Amino acid sequence: MATSWGSILQDEKQLEELAKQAIDRALAEGVLLRSAQHPSSSDVVTYAPFTLFPSPVPSALLEQAYAVQMDFNILVDAVSQNPAFLEQTLSSTIKKDDYTARLFDIYKQVLKEGIAQTVFLGLNRSDYMFQCGADGSKALKQIEINTISASFGGLASRTPAVHRHVLNVLNKTKEASKILSNNPSKGLALGIAKAWELYGSANAVVLLIAQEKERNIFDQRAVENELLDRKIHVIRGRFEDVSERGSLDQNRRLFMDDQEVAVVYFRDGYMPSQYNSQNWEARLMLERSRAAKCPDIAIQLAGTKKVQQELSRVGLLEALLPGQPEAVARLRATFAGLYSLDMGEEGDQAIAEALAAPSHFVLKPQREGGGNNLYGEEMVQALEQLKDSEERASYILMEKIEPEPFRNCLLRPGSPAQVVQCISELGIFGVYVRQGTTLVMNKHVGHLLRTKAVEHADGGVAAGVAVLDNPYPV
C-alpha cells in the first residue's frame, strides 16, 4: 500500500524538520496527555504519541467497518437484554474468573430486584485489523468490541488537522484533502445527551466515573465540553466518591450530595485492579439506580471475550437477530476464527491446534485495557499449564490476524522519530439509545486508527505501544 510520501521516510533531515512542525501542530490542536510524572495535574502536559503521516487503509474496508457498526450496536443491545444467553455463555467463565464473576453477581442481584432504569445507553467501539491473504487480498476482521470506557474519541477528533498540516507543508494539498473529518467526541456526547433528555429531569447531571490519576483527561474533557455546550452539566467522581457521597432515594433515583444524576458515564471500572470492596459496593449502588448507565453491567458483560467467541457459533446470530439476514451476513463477514476453551472435546481440540501452530493463534483472557493477550512462546507456556485445568475456561483462543506491514514514522515524547514497519488497528465508534423496548438512536459517530511497530504483538496507546493515527483511504 504505497503512498506518495514514502521517499521522505528515507530523508532524515527532512523528517526531523517535519516532526518538529507536526509536534507543534499537535500541541496547538490539543492532542494532549498529562505527563507520566504528574498524572493528577494538568500543570505539565505533553503530546499524545502519533504517526508523522496518515497510514494507508483500503477504502472498501473502511466503508465496510462503518456499514456494520449499527449492526454491532443492535447485536450488543440484543445480547444485553438476553439473561438466559448471558448466563449460559458465561457459566464456565465465572467459575474461574473472579472479576467476571463479581460483575455477574451484581447483574443477577439487580435482575432479581428489578431493573429501575428505563433508558439504556451504549457507547461502543468495534476494533478491526486487515487480514492479508496469500493473494494480496485484504479482509476486515474484528479484534474485539469495547463496551465500556471506549477511549480516544476526543483526541481522534483533533488529529486530522495535524496530518493535513504535515501534507500541506509538503505541498501535497490533494492528499491532505483525503484526510477524513472525524469527530467521535461530538457523536458520543449526542448519545449521552439523548439519554439525559429521555431521563426527564432538567436539573439532573451526568456523572463521569474517573480515576484519580488520569493522563488521558483531555480525551474525556472533549466529551464533557460537548455536553456543556448543550447546557448539560458533568460532574466527575471516583468510585470512592460514590461510596461517600452517593445515595438512592425510595424511587432509586441516584444523587451525589443533593444533585440528581441522569446518566453515569464510566471511564473507570473496566479492569480488576480498579476495584476494591468499597468500589464494588459503589458499582452495585450505581447499577441499582434509575440513572442510565454507560454501560450498564449487562452491556459490559455483552462485550466480554467469551461472549464474542460464542457469537461466532453457527446459528447464534440468527437466534439473537431474527428476521435480519442482511445484518447477520454483514456481522459474520467480519468474524475471525474464535474458539472455546471450556472443558471437553471442543476445548481440547482447540488447544491441540494452537500448540501445533502457535503462530496462528492468540490467547485472550476476559480483560480490557490492552496488553493482556498472549502470543507465541508465552501462549504455549500458558496453554501447557492450563490444558488440564478448569481455569482455561476463563480464556478464549482467536485466530491471529496477519495484516500487510507498511512504513511510517512514530513520534513519542522524549524519543527520537522512529521509522519502522507498522500495522494498524481501526476502531469505529457506535452509539445507541433505547427507551424501554424502543430504539431511539443508532448510529456510527467516527473512527480511531492506532498504529504500532510490527514487533509489538499487543497493546494500545494507553499501554504505551500504539500511537494515534488517521486513515489515508487507498
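Heads up, the Cβ atoms here are built off N, Cα and C, so glycines get one too.
Together with Glu144, Asn146, the Mg(2+) site in Swiss-Prot holds one more listed residue from Glu368, Glu377, Glu378, Glu384, which is Glu368.
By neighbour count, meaning other C-beta atoms within 10 Å, the densest spot among the binding-site residues Arg215, Lys400, Lys452 is Lys452. In the three-state DSSP assignment, the secondary structure recorded for Lys400 (ATP binding site) is coil. Among the binding-site residues listed here, namely Glu144, Asn146, Tyr375, Lys400, Asn146 has its C-alpha nearest to that of Tyr270 (substrate binding site). The two recorded residues Gln220 (substrate binding site) and Pro365 (ATP binding site) have their Cα atoms spaced 27 Å from each other. Sitting within 8 Å of the Cβ centre of Glu144, Asn146, Glu368, and not among those site residues for Mg(2+), are the Cβ atoms of Arg125, Asp127, Ile145, Thr147, Ile148, Ala150, Tyr270, Gly303.
Listed in sequence order, the binding-site residues near Lys452 (ATP binding site) (C-alpha within 10 Å of its C-alpha) are Val461, out of Asn146, Ser149, Arg215, Val461. For the pair Arg125 (substrate binding site) and Ser415 (phosphoserine), the C-alpha distance works out to 30 angstrom.
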